[in-house]
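Listed in Swiss-Prot for this protein:
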REGION    1-318  region 'Ribokinase'
BINDING   N195, L196, S197, E198  ATP binding site
ACT_SITE  D264  active site
REGION    344-477  region 'Cytidylyltransferase'
Amino acid sequence: MKVNLPAFERAGVMVVGDVMLDRYWYGPTCRISPEAPVPVVKVNTVEERPGGAANVAMNIASLGANARLVGLTGIDDAARALSKTLAEVNVKCDFVSVPTHPTITKLRVLSRNQQLIRLDFEEGFEGVDPQPLHERINQALGSIGALVLSDYAKGALTSVQTMISLARQAGVPVLIDPKGTDFERYRGATLLTPNLSEFEAVAGKCKSEDELVERGMKLIADYDLSALLVTRSEQGMTLLQPNKAPLHMPTQAQEVYDVTGAGDTVIGVLAATLAAGNTLEEACYFANAAAGVVVGKLGTSTVSPIELENAVRGRADTGFGVMTEEELRQAVASARKRGEKVVMTNGVFDILHAGHVSYLANARKLGDRLIVAVNSDASTKRLKGESRPVNPLEQRMIVLGALESVDWIVSFEEDTPQRLIAGILPDLLVKGGDYKPEEIAGSEEVWANGGEVMVLNFEDGCSTTNIIKKIQTESEK
């Protein structure tokens, strides 16, 4: 079923708030330091990702919406890294440079899929003149459909009331991811998106959903809000609006690896969906689905339109789906960061039979994720003859995607998937039949990358060709 996503390409969103750079150092841990009882990490991979308000803007841009980012930075390598990375994903940056302060940076050291320590490099921007931020907001109000204020209490949003007033006067909704217990600062906002802990720190501990709703409605009245969305981790999220019944949405997360940046994803998808012209209820629906995807990834991350589409169909990227090559490469990269072993196989899979099902189940048991590469219709004709395939590519991929053993499906146009395999480089390449490992397309590339190649047996008596012959014979009787 095709899911109608919002018209993100028509949506314009400005994000104003605390901009930061998230750095990740990865490496193996093999010993304890002789200097202190701490592990020694041999760093072999370094990543830099936009965090805080910058991650919100990334999430908006990843959906195909027009994202503008305003915030405070220093004049340093971190600011340059942020600008470069954000420009690459089409986020329009308009930073206010403060030469007396460093750009806020958070460094995480990870090993064996565990975060060992986080180091923060920052000085609060409190006291910095907010007027340049106000000017940037004023200039953009005529071309945006939503304003996001991303508050991490680092000093960029000391004049929240002025920012809310500017936007509301222009008829632009204001969405705020709050910080701290002083919700008076956010009076008059269109929507606040606290998590449950943040909400209860202001409203008090809630023993039931009824109590949460009652206290949430009181907050809406006390602070003149248009709506309140409480994100509740494994309990999903709850939308509260005056004169409307509460909307409780269960979580769609299938696997949770890291909640870092999940709130950024939620408010980013909310803003982009509202700016595209959808209702708040629809925006919450898409945001809930996106949150279920992003918590299955390690570190601050974003959600693509195809991932969102799969998620609202109940098929999040952490599990299954038909993908393009680029989407598959991203999914494999995320899986590897989680320490998962990726297995890949290929074939026509024209009329799926018990032999195919058994073979794919056995291949899946050899790792954590199974990719199935499928010959296109043209490729199948060249390989099998003009009468094939019996089932077109789209139908073959849909049937494969229904198997529990199959995680990702991708098609290829060539006679063999050698180019595709060389681009993915699975940990294990599997082929069924009487092949020798060295005869399998892509084997040399996989071996050169340190991977494995294996041949599995097909179930005796199962053959698409035999099935077709039997059908033809029966029809001739």
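Cβ coordinates are placed from backbone N, Cα and C, and glycine is handled just like the others.
The sparsest Cβ neighbourhood within 10 Å, among the listed recorded positions (E198, D264), is found at E198. Report note: the ATP site is defined by N195, L196, S197, E198, and the residues of the same chain whose CB lies within 8 Å of the CB centroid of those residues, excluding them, are P194, F199, E200, A201, V230, T231, R232. Taking the Cβ of L196 (ATP binding site) as reference, residues of its chain lying under 8 Å away and at least six apart in sequence are, in sequence order, V230, T231, R232, S233, Q235. Helix, strand and coil residue tallies for the region 'Cytidylyltransferase' (344-477), in that order: 57 helix, 26 strand, 51 coil [DSSP]. Counted over every protein chain shown, other Cβ atoms within 10 Å are most numerous around N195 among the binding-site residues N195, S197.
Across the residues of the region 'Cytidylyltransferase' (344-477), the predicted structure has a mean pLDDT of 85.
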